[in-house]
Each structure stands twice: as C-alpha cells, then as structure tokens.
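Here is the structure we will look at.
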Amino acid sequence: MNTVQKAMESFNNAIGSSTFGRIFRLEGSGHEKEIKNTKFTTEIRAGLTTFFTMAYIIAVNASILADSGGNCICKDPKDVTCSTDPDYAACVQGLNRSLITATAAIAGFSSFLFGFLTNMPVCLAPGMGLNAYFAYQVVGYHGTGSISYGLALTAVFVEGFVFIFLSLIGMRQWLVKIIPMSLKIASACGIGLFLAEIGLSYSAGIGAISGGKATPLEIAGCPPEYRDGFGVCTSHKMTNSTMWIGIFCGGIFTSYLMTYKVKSAMIAGIALVSIMSWPRSTSFTYFPRNAMGDDRFEFFKKVANFHPIDKTLNVLDWDISKAPSHFALALFTFLYVDIIDCTATLYSMARFSGVVDPESGDFPRSTLAYCTDALCISVGALFGCSPVTTFIESGAGIVEGGKTGLTAMTCGICFFISMFFAPIFASIPPWATGCTLVLVGCLMIRQVVNINWRYIGDAVPAFVTLMFIPFGYSAAYGLIAGLMTYTALNGMIFVTKLITRGYIVPDDEDNREYWTIVPQGKLPWFITTSQKISHHFGYGNSDPKEVTSSIKSGDSQARFRSDSKGSDTELNTVVVIPRDEKVSRKV
C-alpha cells in the first residue's frame with residue numbers, strides 16, 4: 001500500500017512540475033498563482049465524481065425534450081398529440097435516441113471547454129427546469145405549444161449571443177457585484193437545499209418526497225403502482241425498495257466512507273447502488289418487467305452503441321414571422337431566467353471552490369467564464385438541446401477535492417465516452433445519485449453562518465432567498481424574491497430616514513452590511529463610456545475621475561475615487577463619513 005502511495009505521489013509531483021501542471025497551476029508547478037493542495041489524481045477523481053452525479057441528465061434531458069415531439073409531424077386530425085399513432089411514437093423514440101447522444105455531446109463539449117478556458121472545476125449541461133419549460137410550455141407536449149421546436153431552438157441560439165454581448169460589456173459581472181453579500185451567500189446555501197430537494201424527489205433522486213394535494217410536499221417512497229397520475233402516493237408510503245437501497249447503500253454508506261476521508265466515496269456509493277439495481281429479478285431493479293423496463297433493458301444490453309444525431313442536428317427554423325410575439329416571449333423568458341440562474345449558480349460554485357476574491361467579489365477569468373457559458377448555449381441549440389447552464393452537481397466534484405479545470409475536463413471526456421456507451425450511463429438509476437446530491441447540499445449549507453443575521457434588513461431578504469430557491473424549485477426566482485424583499489425593506493428604511501432627517505433609524509443599524517451601487521472592481525464598459533461622453537459634452541462631475549454614490553440604507557456618505565482608464569477603471573478608494581463622526585476612514 002505504501003508503495004502505491006509513493007508511486008502516486010511521485011506521479012503527481014512529476015505532473016505538477018511539468019508544463020502541463022503549470023498551465024493548470026497545480027501544486028509544485030512553480031506558478032506564481034499555483035493552487036495549493038491540488039493533485040492531478042485528485043482532479044481526475046473529482047471529475048469522475050461529478051460525471052457520475054450528473055450522468056442522469058443524459059437520459060432525463062432526452063426524455064423531457066422528446067416529449068415535445070421535436071420535428072416529428074403529427075398527421076392525425078382527431079388526436080393533436082398523436083398519442084396512439086405508432087408511426088409518430090416510432091419517430092419520438094428515434095428522437096429520444098438522438099437527444100441522448102446530443103445531450104452527452106453538448107455536456108462533454110461545454111464542460112471540457114469551460115474547464116480548459118477558465119481552469120474552474122465547474123461542469124455544464126442542458127439545465128433542468130429550463131428543459132421542462134422548453135418542452136412543455138414553449139413547444140408543448142408533442143408540439144401543442146405556441147411555437148415549433150425549430151423556432152424554439154432559434155430563440156435559444158440567439159439567447160447565447162445576447163449573453164456573450166452582456167458578458168463582454170461587463171453587465172453580468174456587474175449584476176453579481178451589486179447583489180448584497182448576504183444574498184449571494186444565501187443563494188449558494190439555497191442551491192444546496194435545492195440539490196437536497198432534487199435528491200429526495202423522484203425525477204433525479206430516491207423518491208422520498210413528492211408534491212401533495214393538501215400540502216405543497218408530502219412524504220412519498222411508495223412503489224410505482226401506488227402513485228396516482230401526479231406522482232402522489234395513495235398508500236404504502238416509505239415502502240419502496242429503491243428508496244431504502246438509495247438511503248443505506250448510497251447515503252449512509254457514502255457518509256460512512258466520507259467520515260474516514262475515503263477518496264472516491266461518492267463514486268463508490270453511486271457505483272454500488274447502480275450495480276445492485278441492474279439485475280431484473282429484484283424488487284429494486286431499474287429494469288422492471290413492464291413496457292418501460294423492457295425498453296430500458298433492451299437499450300442497456302447493447303452496452304456499446306452510438307446513435308447519430310440525425311433528428312436534432314441543426315434544425316433551427318429562422319422564419320420568425322410564423323409567431324413573432326411568441327418567439328420574443330420565449331427569448332426574453334430564457335434570457336432573464338437563465339441570466340439570473342446561471343450567473344448565481346456559477347458564482348456560488350466559484351465561492352464554494354474558494355476562488356472568489358473577498359475584496360472585489362469576483363473570480364478569476366469571470367468574463368471568459370460567462371462568455372464560454374453563453375457560447376455553449378448557442379452550440380447546444382445547434383445540437384437540438386434546451387439552454388446549457390452551470391450544473392450545481394459540480395459541487396460533488398469540488399467536495400472530492402476538485403479545484404482546477406482538470407475536474408471539468410475529466411467530466412467532459414467522460415461525457416464524450418458516454419456517447420459510445422450511452423446504454424450504460426443512461427442506466428444509472430436516479431436513486432443511485434439522490435443521496436449524493438443530499439450530501440453535497442449538506443456541505444454547501446455550511447456557509448449559512450456567514451449570512452449577516454444581526455440586522456433584519458439583511459437577514460430577512462437572505463432568508464427569503466434561502467427558502468424560496470428550493471420551495472420555488474428555481475435558483476433564479478429565489479434570487480429575484482430575495483432582491484425584491486431587500487429593495488422593498490431597505491427602501492422603506494431609507495425613505496423613513498430621509499423624511500425624518502435621520503432621527504428615526506433602526507437600533508441595530510450599525511450591524512448592517514455595507515452596500516453600494518458602485519461596487520469594488522472594474523466598472524462595466526457601458527458605464528465608463530457614458531461617463532466619458534457625458535464629460536466630453538460638459539455634463540456630470542467636473543472631475544471625471546470621481547464617481548460619487550451614497551450608501552443605500554443609511555445617511556452616511558461614501559465617495560468613490562477612481563482613475564479612469566477606459567474599461568479598466570478601478571474603484572480603489574472609498575471614503576466613508578459617518579453621521580456622528582467628523583473623522584474619515586479609508587476602506
């Protein structure tokens with residue numbers, strides 16, 4: 001054992017000191033910004049963990065998008081969904097196989113590219129939630145929605161380039177910086193709860209909870225024959241074998257290994273449950289003896305199989321005149337949901353991996369990261385997939401020690417390989433990964449202690465964000481709810497102070513977090529340009545090198561001085577003059 005450990009250590013040292021190690025800033029590379037405690041083998045293991053945690057997306061995304069009917073044509077005038085048409089069903093099945101390959105291809109491409117360009121352990125794939133909106137609301141079940149499949153893909157394609165523009169001018173980075181710190185921390189913790197909720201549900205988890213009729217959520221865990229059409233258990237709750245296999249062999253076993261710092265603990269748990277679920281003679285098999293189970297098993301027996309992307313590759317429809325209003329609505333919905341969802345998730349993953357600068361609130365290569373994410377959205381549309389986004393399951397690899405882009409690149413390579421072994425990777429049951437997501441959520445929620453609970457103006461909006469993300473089943477809408485609460489609450493406090501000229505203030509106002517509309521770091525291109533134009537025509541401050549703003553929820557004044565250098569303007573000095581003090585202090 002010692003011989004193996006020494007050999008691995010020597011191997012890691014050799015890789016770290018090589019040019020390859022210097023590119024990815026591994027420990028021992030000699031790079032001035034080398035990342036401590038990074039080993040090549042650790043990055044590979046972390047990438048494998050992330051892949052096995054994300055692998056469910058191959059089958060799930062294909063299944064959801066196939067429900068839209070894609071470019072299959074329904075010719076039955078009596079049944080608009082062609083639910084009983086065998087030819088249409090055969091077309092949809094072929095569409096599903098194409099989408100399995102397409103999902104694996106775009107996940108592999110985007111994860112590898114993102115890891116290589118940004119050196120961050122964050123993986124990308126078609127996002128859950130947006131794929132359901134794409135399939136069931138925009139295109140509609142079997143094409144019964146407002147616009148066609150091809151036109152919806154065009155909206156996604158255009159969205160990606162709009163994102164690139166917003167990233168290049170600094171808008172996405174600016175949005176992240178002006179979000180109050182407690183809300184950013186709460187969004188990361190809320191995403192952890194969101195992960196745990198996904199892990200406890202049926203779609204990608206152990207099925208311990210479901211939607212309820214009398215209550216928003218209910219205890220579930222019943223066998224499939226005891227569920228109604230909405231997935232609610234009518235009886236036999238908490239008796240499903242798959243749930244208990246996932247809990248004990250996936251959750252408890254993995255936690256036990258993690259207690260002793262066993263490497264690859266999450267991979268071991270996922271592999272154990274998957275292998276146990278493949279035999280057909282058990283009550284917890286992934287291949288039950290019914291139509292669905294038979295179809296899964298027939299696909300699984302192929303082991304190695306490559307299905308070409310023949311039904312979804314480059315099927316964009318550019319005839320927007322067919323439904324211009326619905327096209328615009330779909331485009332803007334994708335934009336505002338994705339920009340908040342992906343931006344918040346990417347920031348949360350960066351914070352979780354420890355690369356966010358506490359002073360600037362930004363992370364290295366952020367512009368490149370946002371542009372890469374946006375480019376992958378457009379490429380995914382060419383493959384026939386709904387918007388690509390940052391996957392919160394990346395936290396599993398970060399927990400395993402992933403700190404560089406090698407983690408994402410490893411995950412991407414695994415997705416590329418899965419295109420040829422799709423039957424295997426599409427057969428990882430959701431209850432094999434469910435408890436892994438719960439464990440990652442447990443680790444992410446630990447940041448909750450950093451929220452400013454001492455001041456209601458910070459605590460309440462943070463709590464709303466924290467709760468609304470899992471309960472609203474959306475990171476985007478959770479953050480929107482928190483921002484609205486923050487604006488309303490602190491806006492009222494500010495107006496009260498303004499009307500009373502500072503005589504009525506909260507008793508614990510001194511405990512509030514500092515916040516300003518002019519955060520530290522580089523100013524966006526569109527702001528510096530507008531300042532220069534304004535000054536050129538004689539408007540604005542007499543000194544163009546000064547930008548003045550005030551603290552949102554206080555009567556203290558803050559003056560921000562910066563040296564104008566085009567788009568690289570840096571806010572390097574903040575002078576704060578408290579109400580009751582005459583002495584200034586520099587921050």
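Glycine is no exception: its Cβ is also placed from the backbone N, Cα and C atoms.
Given the ranges 38-58, 311-331, 479-499, the record in TrEMBL names 479-499 as transmembrane segment. When TrEMBL is compared with the stretches 242-260, 451-469, the one noted as transmembrane segment is 242-260.
The recorded stretches the transmembrane segment (242-260) and the transmembrane segment (147-169) do not share 3+ CB pairs below 8 A when only pairs 6 or more apart in sequence are counted, and are therefore not in contact. Among the recorded stretches 104-127, 147-169, 367-392, 431-449, 479-499, the one sharing the largest number of Cβ pairs closer than 8 Å with the transmembrane segment (181-202) is 431-449. Panel annotation: around the transmembrane segment (104-127), residues 24-25, 43, 46-47, 50-51, 54, 57-58, 61, 65, 309, 338, 341-342, 346, 349-350, 353, 355, 363-365, 368-369, 372-373, 375-376, 379-380, 383, 385-391, 393-394, 397-398, 402-409, 411-416, 418-419, 422, 425 of the same chain, lying at least six beyond its termini, place a Cβ under 8 Å from a Cβ of the stretch. Between the transmembrane segment (367-392) and the listed ranges 147-169, 404-425, 431-449, 479-499, the one holding the most Cβ pairs under 8 Å is 147-169.
With a cut-off of 8 Å between Cβ atoms, the residues of this chain six or more beyond the transmembrane segment (404-425) that come close are 24-26, 35, 38, 40, 43-44, 46-48, 50-51, 54-55, 58, 100-101, 104-105, 107-123, 125, 299-307, 394, 397-398.
Beyond the ends of the transmembrane segment (431-449), by six or more residues, the same chain brings 52-53, 55-56, 185-186, 188-189, 191-196, 198-200, 204-207, 242-243, 245-247, 250-251, 254-255, 258, 266, 269-270, 273-274, 277, 284, 348, 351-352, 393, 395-396, 399, 466 to within a C-beta distance below 8 angstroms of the stretch.
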